[in-house]
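Trainee: Got a structure for you, questions after.
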């Protein structure tokens, strides 16, 4: 095929999960439900943390940021997919595709970095409890989140800017429910060597670096917990990071599963189906993981809705299980 000039590209086609009309109402209802649960659940976390002064601690500050990022992360992909199903259209304009790609990479990066910052927070709380409040002061907490935003913005700009230089063939069908950068690059007729190198660099920057930081933090945490003599003390220390460890495992395992499944099968819709796990399911489950057994969050929500009056101070991080 002869490549067309980049300026001539006006739209892509998002193939989604299934082309069968009979499945569209089911897909629409399923994803609308998951999206509403995600937004509502994470908004409740934000409400609890912002409305209760007892939760104005580093741990809950990072949790509130994670909830905000999860709402934005899911909102970059699901509403467009729901709109396309409702209007029976698969079209996404070139400009919207690039914009969606940019914000998807931005919030995916923020998810990685904030999870890493939360691991560092748990490391300090367990391994250096006497110096925790001195080290994790409001200035450092704000700086860590700011650096996470800056790193994610720069990475997203780099990734999308190298996509803008590509020329595309006449086949502009993306076998996905959103403009996933790898799928878009594969449609290009021009040389994609630079794009591939930038994607590998991004995988190391967003995947390898944060994961190494998380693993290092938890290696120190496990070593510290093993040094505690009493069983009750070990359980109390582990309980402060159990929820975060669950979210990290869910996020990285599902992300890894996407690439393994896409490498193992040639099905055009396999990558889209696997991507649902970390783009939709993980943000939806995070509020449940962090709140179902969290007495602090549940107490704050009851107070917000006028069902209970807070009694006494909340211990830092001991109830986040």
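Each Cβ is built from the backbone N, Cα and C atoms, and glycine gets one as well.
Annotated transmembrane segment per TrEMBL: 26-49, 61-82, 102-120, 140-158, 197-216, 237-260, 272-292, in sequence order. For 41-290, the entry in TrEMBL reads domain 'G-protein coupled receptors family 1 profile'.
In the displayed structure, how are the listed features positioned relative to their neighbours?
Mentor: Long-range contacts of the transmembrane segment (102-120) within the same chain: residues 59, 62-63, 65-66, 69-70, 72-73, 76-77, 144-145, 147-149, 151-153, 155-157, 159-160, 178-181, 202, 206-207, 210, 213-214, 217-218, 241, 244, 247-248, 251, each at least 6 residues beyond the stretch ends and with a Cβ under 8 Å from a Cβ of the stretch.
Residues 58, 61-62, 65, 102-103, 105-107, 109-110, 113-114, 117, 120, 198, 202, 205-206 of the same chain sit 6 or more residues outside the transmembrane segment (140-158) yet have a Cβ under 8 Å from a Cβ within it.
Counting residues 6+ beyond its ends, the transmembrane segment (197-216) has Cβ neighbours under 8 Å at 105, 108-109, 112-113, 115-116, 119-120, 151, 155, 158-159, 162, 181-182, 185, 248, 252, 255 in the same chain.
Sequence-distant contacts of the transmembrane segment (272-292) (same chain, at least 6 residues past either end, Cβ-Cβ under 8 Å): 15-17, 31, 34-35, 37-38, 41-42, 44-45, 48, 63, 66-67, 70-71, 73-74, 77-78, 175-178, 180, 243, 246-247, 250-251, 254-255, 257-258, 261-262, 298, 301, 320.
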